[in-house]
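Structure provided below as structure tokens; questions to follow.
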Amino acid sequence: MTTQPRKILVTCALPYANGAIHLGHMLEHIQADIWVRFQRMRGNKIHFVCADDAHGTPIMLNADKLGITPEELIAKAKADHIRDFAGFNISFDNYHSTHSEENKQLTAEIYNKLKANGFIKSKVISQLFDPEKNMFLPDRFVKGTCPKCKAEDQYGDNCEVCASTYSPMDLINPRSAVSGTTPIVKESEHFFFDLPAFEGMLKEWTRSGSLQSEIANKMQEWFESGLQQWDISRDAPYFGFEIPGAKDKFFYVWLDAPIGYMASFKNLCEREGIDFNEFWAEGSDAELYHFIGKDIVYFHSLFWPAMLEGSGYRKPTNVFAHGYVTVDGAKMSKSRGTFIQASTYLNHIDPECLRYYYAAKLNDRIEDLDFNLEDFVQRVNTDIVNKLVNLASRNAGFIAKRFEGKLSDKLEDEALFAEFTAQAEQIAAYYESREYNKAIREIMALTDKANKYIDEKAPWVIAKEEGKEAELQAVCSMGIELFRVLMSYLKPVLPKLAERAEAFLQAELRWDNIHQPLLGHTLAPFKALFSRLEKKQIDAVVEETKALFAAANKAAEKTEAKPTALSAVKPIAETITIDDLAKLDMRVAKVLKCEAVPESNKLLRFELDLGDHTRQVFSGIKAAYNKPEELEGRFVIMVANLAPRQMKFGVSEGMILSAGTGGSDLFLLSADNGVTAGMQVK
């Protein structure tokens with residue numbers, strides 16, 4: 001019985017139109033592209049769309065800083081993004097923008113349906129307002145002192161030191177991140193999406209069994225803490241879509257951004273005559289998958305399905321989340337040259353190298369992927385050049401010189417060929433479940449077997465013996481046949497290498513003809529299929545990245561008219577007395593254990609030795625220390641008489657001291673040699 005092709009729509013998260021594509025973005029787009037290319041090889045009806053996320057305050061402010069319109073800024077970003085994705089052979093059927101007529105119409109339609117169905121509420125809220133810039137300030141554009149732990153220079157929605165969340169109104173000494181002025185409080189009517197009304201549906205969706213276990217578990221935590229109404233409006237000035245019937249009110253960027261998936265697909269539908277409703281209507285039998293990063297799971301697993309449900313559209317079949325990219329075990333860094341832009345990479349290295357390396361490490365779990373530069377060079381050269389391509393080159397020469405490019409009319413080892421083709425469904429299952437690392441492992445194991453076969457048959461020896469022409473042709477043809485099977489399996493990962501292999505083989509690499517050998521087939525002249533990756537290419541990428549970072553810093557210094565309250569060195573705090581200082585009991589503590597708190601993006605948990613007892617302390621320095629275990633054994637300075645604080649993850653019994661501006665720019669304070677745990681700082 002013939003199986004009907006599946007109808008599938010795939011999206012990637014929308015890159016923000018306020019910056020360049022980097023290798024972190026490329027993890028997701030390569031992951032999705034491999035899956036899409038595999039589905040095409042299997043004969044399924046699949047569409048692959050994306051778009052730029054083109055709205056929001058940061059775009060408005062950056063355009064103003066550059067002296068251009070927001071429309072000009074996002075147009076350039078879109079052109080750059082399309083160029084970079086094409087450079088990595090990402091096979092989108094359409095790449096659009098959320099600042100489009102399709103998105104404007106769909107956003108208004110969905111909002112009006114939600115409103116008509118009673119899911120939009122309004123209430124007057126108090127907000128911080130920048131009187132100099134004449135604008136309300138989003139949470140991330142306010143900074144001040146944390147109301148809980150008193151840490152300075154914290155954002156308006158959460159503290160990076162103690163991980164507390166709060167309202168910008170609660171900040172101590174708030175200031176505008178736009179102008180540096182002290183904001184005032186103003187009231188404004190805002191519109192809210194009634195997310196709690198969808199709790200039952202969301203719980204049922206979570207229990208469907210299709211979501212990744214990490215997402216399902218995280219959603220359960222959110223249910224337990226209680227769903228809240230979601231503010232979907234922003235006040236003018238704002239770059240985005242105006243809310244119908246609400247003067248000077250705009251949709252929050254995260255309201256219209258996911259609708260951008262629908263808008264990009266609608267744009268494709270109108271251009272190619274595809275039925276939009278076949279994929280988006282309630283009750284659709286098409287499959288809908290979103291590939292996203294773990295940082296935006298909240299929006300895609302709660303708000304987005306609820307919005308769709310409330311407006312009469314179908315929900316996603318699944319949401320596939322992945323982790324972050326680290327480089328050599330650390331967070332991507334501009335100063336170290338590891339915050340690598342896609343365009344910088346493409347200036348020096350074949351994109352297929354990165355596609356292969358990511359595939360060799362990607363699985364179906366939400367895990368960070370380490371891009372180890374030394375391992376990158378070794379793996380590409382070992383697997384692709386030394387094993388895979390060499391299999392073709394070491395046999396093609398004999399076929400060309402001795403047999404005019406014609407393959408044998410029989411298989412030299414039918415059992416071995418059957419063993420290779422028998423793995424087709426297992427490898428397909430690995431691709432289907434996004435366990436690319438297992439697929440690559442299986443393919444490379446077969447590649448080793450193919451090379452072992454050639455080593456044992458030794459065609460270079462057979463070629464010197466008289467009367468063994470048929471054997472030589474059969475052995476070398478077998479090597480070419482095995483290469484064809486391997487390249488068929490790798491075609492979703494290495495599309496350009498597959499194209500060159502197809503030109504050499506003079507045959508299309510298809511999943512449905514893997515079992516059909518090219519008996520008596522004539523090959524094209526063999527040309528080099530792939531070049532070795534050299535360390536100097538990696539060095540060039542790193543150096544160019546450093547240079548770009550340095551140039552950007554220099555340009556920023558030139559354009560900065562004057563230091564703001566955010567960029568200047570912080571003034572010395574209010575004078576205190578010696579009696580005030582004496583209240584602080586600061587101690588030297590030895591780190592016995594340090595580990596990341598999985599449920600937090602910012603916290604590390606420390607177990608500290610204070611000489612006569614141990615303590616647990618949580619510290620918001622996760623972004624600065626990617627390998628917390630390396631802190632074990634170090635001496636740190638802590639405030640020992642700070643009242644214990646109950647946090648979500650346990651009790652924090654003190655505060656560890658660090659210096660810096662926050663985020664990844666934090667540095668633990670330590671003591672000189674000779675100190676012991678428990679010593680008092682005087």
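Residue numbering: from 1, along the chain as shown.
Backbone N, Cα and C define each Cβ position, glycine as well.
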I'm validating the feature mapping. Which of 15-25, 158-168, 169-179 is tagged motif ''HIGH' region' in Swiss-Prot?
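Comparing 15-25, 158-168, 169-179 with Swiss-Prot, motif ''HIGH' region' matches 15-25.
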With Swiss-Prot as the source, which of 281-285, 331-335, 531-535 is set down as motif ''KMSKS' region'?
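Checking Swiss-Prot against the ranges 281-285, 331-335, 531-535, the motif ''KMSKS' region' one is 331-335.
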Do you know offhand how many angstrom separate CYS146 (Zn(2+) binding site) and LYS334 (ATP binding site) by C-alpha?
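So the alpha carbons of CYS146 (Zn(2+) binding site) and LYS334 (ATP binding site) sit roughly 28 Å from each other.
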Which is it, of CYS146, CYS149: the one of these binding-site residues whose Cβ has the most other Cβ atoms within 10 Å?
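That would be CYS146, with the most Cβ atoms nearby.
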When you rank CYS149, CYS159, CYS162 by Cα distance to LYS334 (ATP binding site), which of the binding-site residues ends up on top as the closest?
CYS159
Long-range same-chain neighbours of CYS162 (Zn(2+) binding site), Cβ under 8 Å, sequence gap at least 6?
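Expected: CYS146, LYS148, CYS149, ALA151, PHE618, GLY620, ARG645, MET647, SER652.
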Mind checking how the motif ''HIGH' region' (15-25) divides into helix, strand and coil residues in DSSP?
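Computed counts for the motif ''HIGH' region' (15-25) are 3 helix, 2 strand, 6 coil.
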Using other CB atoms within 10 angstroms as the count, which residue among the binding-site residues CYS159, LYS334 scores least?
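Candidates: the binding-site residues CYS159, LYS334. Fewest Cβ atoms within 10 Å: LYS334.
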